[in-house]
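Trainee: Below: one structure in structure tokens.
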């Protein structure tokens, strides 16, 4: 049997991927899950597999929206991060704890205890 490159197979024609631009007027229309490409482009996919790519101008416009300036709901209480004013008090307590630990470490001679145990 011999085969040749021209045995009835035609090379497929290349086609452009169909795209369309949809203007979104409300941030609530954005999906909840995003993905990124190695180049940093943000995109999302629909349940049907359609990829939605967000351009830079659109995302920069949304950065200054009132919704972007509002913290998310149901945020945990993290002192100094989500609740202001407690960072100074907590940092003083933390510094005192570090000083106590350093004083405790100085009481032991260097090399008394093994850093970790290893079974051979």
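Every residue, even glycine, has its Cβ placed from backbone N, Cα and C.
Owing to the predicted nature of the structure, the values given are computational and were not obtained by experimental measurement.
OK, Swiss-Prot features for this one:
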- 1-48: region 'Disordered' (REGION)
- 37: phosphothreonine (MOD_RES)
- 46: phosphothreonine (MOD_RES)
- 54-60: motif 'YXXXXLphi motif' (MOTIF)
- 65-120: region 'Disordered' (REGION)
- 70: phosphothreonine (MOD_RES)
- 78-82: motif 'Secondary EIF4E binding site' (MOTIF)
- 99: deamidated asparagine (MOD_RES)
- 102: deamidated asparagine (MOD_RES)
- 116-120: motif 'TOS motif' (MOTIF)
Trainee: Can you give me the same-chain residues 6 or more apart in sequence from residue 37 (phosphothreonine) with a CB-CB distance under 8 Å?
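Mentor: When sequence neighbours closer than 6 are ignored, residue 37 (phosphothreonine) has 43 within Cβ distance under 8 Å.
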Trainee: Using DSSP and collapsing to three states, where does residue 46 (phosphothreonine) fall: helix, strand or coil?
Mentor: coil
Trainee: Hey, what's the Cβ neighbour count for residue 70 (phosphothreonine) at 10 Å?
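Mentor: Excluding its own Cβ, residue 70 (phosphothreonine) sees 8 Cβ atoms within 10 Å.
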Trainee: Residue 70 (phosphothreonine) to residue 46 (phosphothreonine): how many Å between their Cα atoms?
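Mentor: Given the Cα positions, residue 70 (phosphothreonine) is 27 Å from residue 46 (phosphothreonine).
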Trainee: Using DSSP with the three-state reduction, classify residue 37 (phosphothreonine) as helix, strand or coil.
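Mentor: SS state of residue 37 (phosphothreonine) = coil.
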Trainee: Under DSSP, is residue 70 (phosphothreonine) part of a helix or a strand, or is it coil?
Mentor: coil
Trainee: Measure the Cβ-based neighbour count of residue 46 (phosphothreonine), defined as the other Cβ atoms within 10 Å of its Cβ.
Mentor: 9
